[in-house]
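Undergrad: Take a look at this one; I'll ask things after.
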Amino acid sequence: MESTESSYVSSPEAARNRSPPPPKLPASGNVEKPMYVRFLVSNAVAGSIIGKGGSTITEFQSKSGARIQLSRNHETFPGTSDRIIMVSGAIDDILKAMDLILAKLFHELNVEDNEDVGPRTKVRLIVPNSSCGSIIGKGGATIKSLIEDSQAGIKISPLDNNFYGLNDRLVTLNGTLDEQMQAIDLILSKLCEDPHYSQAMHAPFSFAATYYSMSYAPNGAGGKFPNHKEDRSNSITIGVPDEHIGLVLGRGGRNIMEISQVSGARIKISDRGDFMSGTTDRKVTITGSQRAIHQAESMIMQKVANATERMMD
């Protein structure tokens, strides 16, 4: 997905020649507003973020106050072989967690600090296509400002239309740990002002249902929602806000029957009051081939997203 990318990019050489970034200031008014950030991580280093028995991810959650969720090894971002991490909470907590995670990734990549210039690597954020405009700005003015202020290289990939239901783009940040963190802070401040981005917090499974496949509660307990059965069919369980479950069902179950017929997947909705752990989201279990599951999931989440947009209007 990174073969063709936006022209909004700064080179490492240009960043090195610029003066150091200004002192980091907290985003006023947005410190306590619930937010989230999603990014990719290779399967090779995902285990180091989890830690033995979930010890590392639990420690990071405890130190930061943010919630950290990681997809299973077979749940990858379309067009890549990378898993998805989602960090959610107040912006300050997210930034603390991101600093811990990225520092760990730098260490795992065996990148050592040199005398004058810190090591440079990249992190790929996942941003809804509808929110990318708030990062780019008119005529690219915003992203150019982000590049200048953070000294990080920033690339925005085009929307990949090869994957049904994919409405996300990758925003690649290239630079030192400090530069990446500065860029993430600035980008989150922009996304926090975008209602299309923040509304996903009210229906979290509408934008990354299958990516919520493995979550660790603060006590380290793991909830592994998707699972493989012994036969060839797969099964995942996604969460749908209780207030939207009627739209998924439809009158007399018409909607869910249509989704099942079109996708070829079997769909089961949990009983009233039977929620995903730690949420008020009803469990929707989808069983079938990977293709059938992805299509059914996309159709379900589109109905939820439409309902959420109507509520925001």
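Here the Cβ of each residue, glycine as well, is placed from N, Cα and C on the backbone.
Heads up, TrEMBL stuff is auto-annotated, nobody curated it.
Found this in TrEMBL, in case it helps:
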type	residues	note
REGION	1-29	region 'Disordered'
COMPBIAS	1-10	compositional bias 'Polar residues'
DOMAIN	33-106	domain 'K Homology'
DOMAIN	119-192	domain 'K Homology'
DOMAIN	232-305	domain 'K Homology'
Undergrad: In the domain 'K Homology' (232-305), how many residues does DSSP put in helix, strand and coil?
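TA: Residue counts for the domain 'K Homology' (232-305) by secondary structure: 37 helix, 21 strand, 16 coil.
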Undergrad: Please average pLDDT over the domain 'K Homology' (33-106) for the predicted structure.
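TA: Computed over the domain 'K Homology' (33-106), the mean pLDDT is 87 on the 0 to 100 scale.
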Undergrad: Could you put numbers on the helix, strand and coil content of the domain 'K Homology' (119-192), residue by residue per DSSP?
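TA: DSSP composition of the domain 'K Homology' (119-192): 37 helix, 20 strand, 17 coil.
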